[in-house]
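As written in TrEMBL, here are the features:
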type	residues	note
DOMAIN	251-383	domain 'GGDEF'
TRANSMEM	6-24	transmembrane segment
TRANSMEM	36-53	transmembrane segment
TRANSMEM	59-80	transmembrane segment
TRANSMEM	92-110	transmembrane segment
TRANSMEM	116-136	transmembrane segment
TRANSMEM	148-168	transmembrane segment
TRANSMEM	188-209	transmembrane segment
Amino acid sequence: MSAVSVALATTWLLGLLMLPLLGSLLRSGVPGVREWLAADVALMVAIPMLLLRDRIPDFLSIVIANLLIALAGVTLYAGFARFLHRPARWPLLLTCVVMTAPALVYWRYVADSIPMRVVVSTGFTATVCAAVAVTVARYQGSRRARYLHAATVGVAVIFAACQVARGIYFITLDRVANALTFDTTVNVVLLCVGAAIMPVMLMCGMMMVHDALLSDARDAVNRDFLTGALSREGFASAARSLWEEADRTRSPLACLIVDLDHFKSINDTFGHTGGDKVLCEFVGLMRSTIRAGDALGRIGGEEFAILMPGIALDHAQSLAERLRTAAAQHAVVTNNGTCNYSLSGGLASRLPGETLDQLTMRADRALYQAKVSGRNTLCVDTPQSPS
Ligand SMILES: Nc1nc2c(ncn2[C@@H]2O[C@H](COP(=O)(O)OP(=O)(O)OP(=O)(O)O)[C@@H](O)[C@H]2O)c(=O)[nH]1
């Protein structure tokens, strides 16, 4: 068995192993998986056709097989593009595949040349690898593991370079190729690297999918399903980080707890769905009012906490006051009419030596004062040394 056949058979076996793995990821609904599975299937069909050279018509074992490999390549690229929420641009990709057909036909039936056919296919694969590298490098998801993206870009660049090197090697053969030219160490090494492209790139894709699923699962635990604010757990974890950072940098940290007023009667008047809409729109309002580094969590039904790092108490007070005014002026349109609502808020700023629980308790106490003093108001806990 020649080195070419061994490399192709190995790729086929690895592709076979990838099929159930990709199939199991299909249910995840992550974009790109369907394309990667299709790319693997196209390669699985193409490789036996290549291996059956001299036993089936050349049109199948050369032209169709190489077109299928080109199709697998662009489908692999489309998978990465879709995974990164970029358009796949199928018309362009399919045009590129179809354009290789005349070249393959010419260098088989008009001027039969194995080296030139290798140059066409390696050039095509090098372009696909380079396109994957550029797309992954340009459009990294913010919450995805960067090392995975860097590794994918790295291997795609190495694969593109090896394909270019193999193409150059065959150009130097000057249209003459026989078994000896295929069995040189350089060609066998470059061939093995080429055979690893699809399995390795699919592996990179699958690792990205696992990372995305993990990140989504983490998000599901840390985010409140209804409003998208941090859940209690998510807020506690964000608060711990902000607290440690404030401790380390000895910078101020303000805690604001807000509670929507008479929310039970909002539910009674506008229905539970109307109440839900008020909660969602109120979270949107808070998001547009607070700063990028602030942590916003839903700590109860209609109760929210905001931790504001690096902000003096008077500045935090004017921000909280702005939020209170905006809420009072914000009308929510529900199926049962327009709902006007208000909030009560309690604000406290971290004292030296205080714990997070003590700060939250003071903010809560201020909130209670706001409620008993008539609601739609903001109370500030005046700093005292902790006992
Ligand atoms: N629509 C909706 N209502 C909720 C949700 N979570 C809690 N609630 C309701 O929020 C209401 C809170 O009522 P209370 O704790 O009595 O407080 P309140 O009516 O806002 O009165 P004050 O806080 O004293 O102004 C209850 O009726 C809960 O059913 C939710 O996710 N969606």
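Using N, Cα and C of the backbone, Cβ positions are placed for all residues, glycine too.
Note that the coordinates shown come from a computational prediction; the quantities given were computed from them, not determined experimentally.
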Give me the mean pLDDT over the domain 'GGDEF' (251-383), rounded to a whole number.
95
Sort out for me which stretch, of 6-24, 92-110, 116-136, 148-168, has the most Cβ pairs below 8 angstroms to the transmembrane segment (36-53).
6-24
Six or more residues out from either end of the transmembrane segment (116-136), which same-chain residues have a Cβ under 8 Å from its Cβ atoms?
62, 66, 69-70, 73-74, 76-77, 80-81, 84, 86, 96, 100, 103-104, 107-108, 149, 152-153, 156-157, 159-161, 163-164, 166-167, 170-171, 175, 177, 194, 197, 201
Of the residues in the domain 'GGDEF' (251-383), how many are helix, strand and coil by DSSP?
61 helix, 37 strand, 35 coil
